[in-house]
């Protein structure tokens, strides 16, 4: 397959996997705790397992699996039994403990591990503390900017964003993702009770998702692998599908902690 057809060859499997994941995710968001919390914890554990096996391929049997299970349990337990700074402190301690077990590449591992765990914690708090509309806003931003970037990158093409790390990413796709965040933010302004400042926050969240995508590509380059795993048959691993969501949720948690949401609430 050549030309235009080749550029869209991966559209159908990408679309189908997105439909399945959105359906499962939507059900979990609707039911809330404990279903949503368990799903987030399970996905976090899977990503930590993938991260561990990529950066420590020589690990003895069972070590990476145990690390993933530990991370999943930590996310669920800490998010549901502790509160405020105690939860964050406990997750930070988990990052230190799990990183200490890594023989090499500890800096990269600690950075991405921390982002996974804190993003998971943030998602659980987002659903329980803010409600369904906020979760939908975050998901729509990540998915919408990704879809816009996908089509713009293949239809418009142009200069690559960072060819050495992520050969398929283009500046046209990146900018399209930013632009898509604006109408999504505008649509959600009323239901979230936010002012125009939500537009800027939406662009920041979309940008964070794009950075998360590139960051995961960089880790795979370091590890010398094409996909984070084969947990999703034919489509790679959990990190390959949720890297943008992890970064977006992580940045949202930071913005919330800084009081940005309070600042833009109802602002005109």
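Any Cβ shown, glycine's included, is placed from N, Cα and C.
Automatic prediction, not curation, is the source of TrEMBL annotations.
The transmembrane segment annotation in TrEMBL covers 20-49 (among others).
For 69-100 (among others), the entry in TrEMBL reads transmembrane segment.
Sequence-distant contacts of the transmembrane segment (107-126), counting only residues of its own chain at least 6 positions beyond either end whose CB sits under 8 Å from a CB of the stretch, comprise 33, 36-37, 40-41, 43-44, 47-48, 51-52, 55-56, 71, 74-75, 78-80, 87-88, 91-92, 94-96, 98-99, 134-135, 138, 212, 215-216, 219, 222, 245-250, 252-253, 256. Annotated transmembrane segment per TrEMBL: 107-126 (among others), in sequence order.
As annotated by TrEMBL, transmembrane segment applies to 132-152 (among others).
Nonlocal intrachain contacts for the transmembrane segment (173-194), taken as residues 6+ away from its ends with a CB within less than 8 angstroms of a stretch CB, comprise 133-134, 136-137, 140-141, 144-153, 156, 161, 201-203, 205-207, 209-210, 261, 264-267. As annotated by TrEMBL, transmembrane segment applies to 173-194 (among others).
Per TrEMBL, the feature transmembrane segment maps to 244-264 (among others). Residues 47, 115-116, 118-123, 125-126, 138-139, 141-142, 145-146, 194-198, 201, 204-206, 208-213, 215 of the same chain lie 6 or more positions beyond the ends of the transmembrane segment (244-264) yet place their CB under 8 Å from a CB of it.
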